[in-house]
Structures are given as structure tokens and as C-alpha cells.
């Protein structure tokens, strides 16, 4: 234990002792070892973070947009210089394969920051003439202090997705990472400070339990909450935010997304997409296409192609260069996923491959679940209805286009969807009828910085990334100017 580093809170440009006296551990899910101990924030610490953010935000907002842009661009450069170092830490904390974290997590997060750094100077109002002697103009002003609450599956990427538009618009952010994977958010705070961000503009407060999130959502100074996580927690966060000071919210919640394979689809392409849409990041992606709809006439061939590809997945030590599938992010989550797999078996689904925990050799020490494919699934099964957030694919057969559209939409979620077909007219026809916020045709999973992402139904409120998101970190002030005489009716 003496070799385990203790991490403090990051407030006002430096590490500070938490006042709670409580700590919690970060666990390497590949072997169960403690990799860090973290101090837990108290309500007093949240107050200090808010006060710091208020001070820093005034300095930050007073800078020119070009000055803010330059500082954010410097942070991008540092992120890219330290990509491998950050990726190793992300792998230790999350269990994701280093081959993934080194090429995706930091890379795509830095891309989003670079995108918004470029847009910082493009925040504009408008001027509208009313008559010869009068006009009005608008200003887009920062909200002030905002809060981000992150999820455990993409820690640094989510921290960047939330902080980039907020900071570009002139706000300060208090960020709470998931207690399961909190380490890279602290490194991001260091990088922002090194890049020249004024003290207090990005503070990190970590801790286990719901209290920290509640303190943030109910704090009267905080103007907006951006949350990524589960639906039930999201509902509570949204209710708390509305019940305190009517805060603005962005909610990126769960999904149970349909992937529709059409009868004319190239089978190899369809199988490749289905495997990526279910097993990338060990299945821990909110947009995963876990309900795979296949025409009855293609079902047997498709299942064979999928199983062949799953057999090629390299499960192993996430730090090994050839591993492309690591453990789940925590042992409690592993147990949850395994319980869903057992439910699928009990409800009559057929296991084509996988179906349990990986227990061979060193894998037995970690939170490893084998890539699992179920066939003979029905829409009523728990594995088809509920978000599992693990490496579990459910294959469902269908006969007509009308049928598959209806079944694809028969869910409380609406985050993502995909269609694989060689008929582009059919692709658009289907996608336009699917109730989902992020859709892919003949591909899956890419979320470029320029593309807004978010869900329909209970999968979320608002969007992240893209031009539209920047506007939601500002508020519009309208100013009318009268150049002529003023005439009162009194």
C-alpha cells in the first residue's frame, strides 16, 4: 500500500487536500490490484471549487476569444505530446486495451478540443434594423460556472467533450469524474493549467456516492449540468437541476440500439460492422448496436460469419500490444453483465459463442467476460430490452422492412441506429423512420468532433459535439438601441 499514490482534489490550478477525511481506491480491473487512492470531496470542498470557478471565470471571460483559442490549442498540443502516457494510465484505470486507448480515447478527445478552440472566435451575435432610427443587436454571453459529470467508460474523452465547448464559450467548469475511473481527468486538469488556463476555470472534484453530484446539481451558482450516465441517474440529476435553480441540462444517457442488416447487404461487411458495434471497448459503449436484426433468409450465413470473427478477437492483458479486448471496467459491473447472460440462457436464447467469464490463466484475476453472441432471441427478453453495457450481442430475425422498423423503434431508448444495405434509397428510407439521434449507414461508431451526438426518448436531452452544442454554453442578450427621439404616452 505504501507504493500507492494518494490523489487530492484539483482546485484553482493546484492539488488541494480534501476536507472530508475520506478516501476511495481505483482498481485495475485486469488484475484487481489497487492502482491509486483518491481523496473524496466534501460539501465544503464543492463550495471552494465553486468560489474558485467564479473567480477564474471572470478572468477567462474577459480575455479575447483569440486568447482563449490559443490557450486551448496549447492544451491540444500537450495532449498529443503525452498521448501514450495518458493512454497507459487510461488502460490501467479502465481495463481497455492500450491498442484502443492510444489510438482513440486521447486522440478523439484532443480532436474535439481543437475543434472548439477553432470555434471560440466564431461566437457571434447579430444586428437587426427595426426602422431608420432604431435597431437591436444580440450578444452571446457565457453562462458562468457549469458542471460536468462523467461516466466511467471514456473518462478523458468525456471530460474533453464536456469541457471543450464550455471553455471555448468563456465558462468555467467543475468536473466530477466517475469514481470508478477518475485518474485521467486529474491529468487533464494539470494540462489545462500548464497550457495557461486561469486558475479555477477547470476544477476536478472526485468521490464515491451520489452526494457530490447532488451538491453540484443543486448549487445555486452553477448554471448548467452536463451529465453522461444511466437513465435512472440522469432523471434524478435532471429533476434536481430543475428543482434547484432551473439549470440548463445536457443528458447523454443509455441505449439499446438497433443494427438492421438488409437482405441485399454484403455479408462480410455486415458481420464486420456487427462485431465492431458490439465488442469494441469490450462492449462498453453507449451507442453499441446490441440488437442486430437479420433477414430470416440470411440468418444462418450471418451467424456463421459473426462467430468466425468473434473467434479472432484477442482477449488478454490490456497492456499487451496484440490485445484488442480487455476486461470490463469493474468487478461489480462484470457481475451485472454475467447476470444478464444467465438471464438470456434462462429465457431461451441460444449461445453461439462465449456466454460466461474468461477464467483461463491470468485472465481469472480480472473482470473479463467473453465476447458473447446470442441467437434465437425475442423482443421480450431482458437481454434485448435492457442496456447491458457489455460484450453481449443479440441476433433477431425479421421478414419485412415494415416489421423491422416497428420492432427497432419498440424501445424506451433512442440513442443510435444503423442500416447495412447496398440500396442507398432503402438506407435513407429506413433511417428516416428510426427514432434515434445518431445513425450510421454501412458503418458504425465514428463520432467526429463536427457531428452532434445525443439521443431521442429516454436516451438523452441536448447534444454534445458539433456547432449546435457551443450555443448551449451561451445565453443570448438582446439590446435595442433608439437613435431618435423617445416619445412617452404619458
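Cβ atoms are placed via backbone N, Cα and C, with glycine included.
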(message) Just to be sure I read the record right: 26, 27 are listed as binding K(+) 1 in Swiss-Prot. Which of 77, 84, 93, 105 is listed for the same site?
(response) 93
(request) Write down the one residue from 125, 254, 366 that Swiss-Prot lists together with 150, 151, 152, 176, 177, 178, 179, 230, 231, 232, 233, 286, 387 as binding NAD(+). (result) 254
(message) Please give me the CB contact count at 10 A for residue 457 (K(+) 2 binding site), counting all chains in the structure.
(response) 17
(request) Report, in whole Å, the straight Cα-to-Cα distance of residue 150 (NAD(+) binding site) from residue 464 (active site, charge relay system). (result) 13
(request) Given the recorded positions 162, 177, 246, 457, 460, state which is nearest to residue 93 (K(+) 1 binding site) when distance is taken between Cα atoms. (result) 177
(request) Find the shortest Cα-Cα separation between residue 27 (K(+) 1 binding site) and the recorded positions 150, 231, 252, 457, 460, and name the residue that gives it. (result) 150
(message) Same chain, not part of 26, 27, 93: whose C-beta falls within 8 angstroms of the C-beta centre of the K(+) 1 site? Give them in sequence order.
(response) 25, 28, 29, 34, 35, 36, 92, 94, 180, 181, 182, 183
(message) I'd like to know which of the recorded positions 246, 252, 460 sit within 10 A of residue 231 (NAD(+) binding site) at the Cα level.
(response) 252, 460
(message) Please identify, from the recorded positions 93, 248, 252, 464, the residue with the sparsest Cβ neighbourhood, meaning fewest other Cβ atoms within 10 angstroms.
(response) 248
